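Engineer: First, the structure itself, so that you have it in front of you.
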Amino acid sequence: MTPEGQALLLEGTAELGLKLTAEQVGGFARLLALLTESSAQMNLTALREERDILLKHFVDSLTVLLGEWLDRPAQGGPLRVLDLGTGAGFPALPLALVRPDLQMVPMDATRKKVEFVERAAQALGLAQVHPLVGRAETLGRDPQQRESYDRVVTRAVAALPVLAELALPFLRTGGLLIAQKGPILPEELEAGTRAAAEVGGAVRAVEPFSLPVADDARTLVVMEKTAPTPDRYPRREGVPGRKPLFWQAT
Ligand SMILES: C[S@@+](CC[C@H](N)C(=O)[O-])C[C@H]1O[C@@H](n2cnc3c(N)ncnc32)[C@H](O)[C@@H]1O
């Protein structure tokens, strides 16, 4: 990481209220190098410039900490967190670097991306990260995965009604989905609210904010799991995305 890059990372994370240690900065530098090396060989992420990776992957991933939805509960063990559609490890890897107390499961349908996340987690010494390959529609029906997470995080994966159907089955009652999104249209929010109710959840918060330094518009949407998900959800692979509940995708 260049000195300018390090200054940018520190500025962006400071705006989120985080004070990175020298060891954490070293972890981000290593992750940047691994991502840049691997992207040259395979199509891992569209972002190639150091500034873009630092702001739009690393700092953006850490905005999931705004609102304190991932704070450690006063009682009970560590939070078990699923990152649904992690891609090259976002937000899972930046989050694991600053929050080693989280039991993190980055999950994606694409094996080569999950293999990268596994290699990166090993190289960074993140023993609490346990990647998983598969589709949410299928893993969400696996008794070992269903209703077994305290939190689901997900960034840039799908529209809200699709996320509700894919993510809420993984949560125990009382658990939270924290979706990192761009600006949200009222129609998407309405469909997401109805879809959440259909699969055993409710929208708890919609928080618009600006990405530090870059100023791009972002929204955190939080849904709470309020009741067990009916057995018919999620529908079979591909159907939630093709026919989102209560929503006509344009
Ligand atoms: C646009 S990428 C975003 C990746 C990452 N979250 C990020 O913010 O950089 C969306 C990812 O979600 C994964 N994905 C989409 N639908 C999925 C599903 N039903 N089950 C598992 N992974 C899925 C894709 O394979 C892809 O890697």
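Just so you know, glycine gets a Cβ as well, placed from its N, Cα and C.
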Engineer: If TrEMBL says Gly85, Phe90, Asp108, Ala109, Thr110, Ala136, Glu137 bind S-adenosyl-L-methionine, which of Arg48, Arg51, Arg155, Arg172 does it name for the same site?
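Structural biologist: Candidate listed by TrEMBL for the same site: Arg155.
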Engineer: Counting only residues 6+ away from its ends, which parts of the chain sit with a Cβ under 8 Å from the region 'Disordered' (228-250)?
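Structural biologist: Answer is 135-138, 140-141, 146-147, 158-159, 161-162, 164-166, 168-169, 173, 187-188, 190-191, 194-195, 198-200.
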Engineer: To which of the binding-site residues Ala109, Ala136 does the lowest count of other Cβ atoms within 10 Å belong?
Structural biologist: Ala109
